[in-house]
Amino acid sequence: MGKGRGRHPSRLKVKPPEPEILAKYLHHWNTKELYHHPDTFLQVSSPSFFQNENPLEIDIGCATGDLVCSLAQKNPQVNFIGVEVSMKPLYRAIKYSVREQIENVRFIKTDFRLLYPLLPDASVQKIFFHFPVPVVRAKDSKYLIFSEDFLSEMHRALQVGGMISVISDSAEYFPIMRELGQNDTRYELISDEAKCMALEPDEKSYYHKYWDAQGREKFRFILVKK
């Protein structure tokens, strides 16, 4: 998710929050340690991150946290975790969380794929995968998240009826993801625009708002765990 796309938020000019604030909101996990020793890290779950049993939703590539912070404000009985590889946008997300006194949101700086071993079975209510880097060429394969492996891991981690929300601005990449989802019979595919909109929140991510301002067409589908 770190590949630049338009006005990438990693170029933001923002100072780090105070250490005690970072300690509360941010888990900055070393990728090598996470890859080799995942058992030494916290489980990515509501009990581990929030010390409660509230439903958990995760935003993959959360950027400045616009989506998860807004959702957390609107849904105080749901926990939210934003995952991002770039630090500066997370600084902005954390500062907003502090200013608005949002207690049910946390952030992880790492590659989401490394979190698979840390996601307990049936522990997640919803996954947001909005505006990923389009992976249509071999040289971009290092950015690939949406795959058969991803769908298997998310199926394990999602509760029955849990959802994966996918939105993309790439007419080339979107059909690739949709075909993968459609071929996985463990999920129900919802691709009708009106039905998707009815299931989606009004809140938008950084990229969603950015591409709206550019007038760019967007494509979406939802996968529901059977």
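Glycine is no exception: its Cβ is also placed from the backbone N, Cα and C atoms.
Sequence annotations record features per position, and here Swiss-Prot assigns S-adenosyl-L-methionine binding site to Asp59, Glu84, Asp111 based on sequence analysis. Under the three-state DSSP scheme, Glu84 (S-adenosyl-L-methionine binding site) falls in the strand class. Other Cβ atoms within 10 Å of the Cβ of Glu84 (S-adenosyl-L-methionine binding site), summed over all protein chains shown, number 26.
Counting every protein chain shown, the Cβ of Asp169 (substrate binding site) has 22 other Cβ atoms within 10 Å. Here Swiss-Prot flags Asp169 as substrate binding site, drawing on sequence analysis.
Listed in sequence order, Gly65, Leu67, Val68, Phe80, Ile81, Gly82, Val83, Phe128, His130, Ser205 are the same-chain residues six or more apart from Asp59 (S-adenosyl-L-methionine binding site) with CB atoms under 8 A from its CB. Around the Cβ of Asp111 (S-adenosyl-L-methionine binding site), a 10 Å sphere holds 19 further Cβ atoms from the protein chains shown.
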